[in-house]
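What follows is a set of notes on a single structure, which appears directly below.
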Amino acid sequence: MKDGHGRTIDYLRISLTDRCNYRCIYCMPEEGVQSMCHTDILRIEEIAHVVRVFSNLGIKSVRLTGGEPLVRKGVVDLVRDINDMPGIKNISLTTNGVLLPRMADQLRQAGLSRVNISLDTLDAEQFHAITRRGYLQEALDGIDAALAAGFDPVKINAVAVRQLHQDYLAFAKLSIDRPLHVRFIEYMPVGESSGANGCGWGPDDVISCEELFEIINRQARAEGLPELVPASKHQPLGWGPARYFEFSGAKGTVGFISPMSRHFCGECNRMRLTADGKLRPCLFSDREYDIRGILRSGKPEEQIDRDLADAFRTAIGAKPDDHDDITGTERRMSQIGG
């Protein structure tokens, strides 16, 4: 299905929960946030119902996010249910990786196609400071578990923040010896988590991907490594908006995602479903459409399906051309879904 700007909308990102086992400084305050009431969150069977209806309208790819999606009970069953839907071509997951050592095999067997692991630093002390309760080795073990389970591709998402002084080359080098796809993502000051009332980061902490590319190549030259060149290998599923490069002979790639300096709104193919059942056409806008109310209306299932389809079409019609003129969102990223 196409939106009003001619873009084909075939990708649905679903936040399973606003809860998380971390308290990352750019996502929520140290004491956490008031969790959504259990009854306000979509049930697993309700999420499956929505995906079934939306898949008949052109959704082919589903990504499960959070919060931390793996803390949600029933996630393996949900993956299995979605995998059985004929219209869905691939299912992916964004996670902090902590629970992958015990869940990766189950998820793979249920039909999960690929995994993105969020990892913003390779310094153990800084990792604990960012997550407030996590340990670097947990994330590294999660990466190992994803590779061992046979997920392909396994991607590492690193948000680049000027104030953190991250070792970008160390991240990029993860792609050399193992088939890991490291992606640097420009920091997005979204919602209440940013600015003076949040983590303290703002627009000045955004590092453009062009600058990152130059930093990595400069550091590589200093270590006697080759510079990054455009990736020549077959592009894995979910290539999306990233621009990919590689070190000569590397098993993986290094990607750059530029939502701020070089936004990809013109190619946006996604919708977002929040944990409390709101359909969002754009990450940066608070315009939402109530899906939970339709699911719990008490109407016959055929009418519910028609109402869901109507809401989907309306939301697609409301997708903006870009986010340049959108003032932002009041929701935190943990509530929207990353």
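Numbers here mean position along the shown chain, with the first residue as 1.
Glycine is treated like the rest: Cβ placed from N, Cα and C.
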The [4Fe-4S] cluster 2 site in TrEMBL lists Cys265, Cys268. Which one of Cys209, Cys282 belongs there according to the record? Cys282
Do you know which of Thr39, Thr94, Thr131 TrEMBL groups with Arg13, Arg63, Lys155, Arg270, Met271, Arg272 in the GTP site? Thr94
Among the binding-site residues Tyr26, Gly67, Ser118, Cys282, which ones place their C-alpha within 10 angstroms of the C-alpha of Arg270 (GTP binding site)? Cys282
Averaged over the domain 'Radical SAM core' (4-226), what pLDDT does the predicted model reach? 92
If you measure from the C-alpha of Thr94 (GTP binding site), which of the binding-site residues Cys20, Cys24, Cys27 fall inside 10 Å? none
Least buried by Cβ count (within 10 Å) of the binding-site residues Met271, Cys282: Cys282
Hey, how far is Tyr26 (S-adenosyl-L-methionine binding site) from Cys20 ([4Fe-4S] cluster 1 binding site), Cα to Cα, in Å? 13
By a three-class reduction of DSSP, Arg63 (GTP binding site) is assigned strand
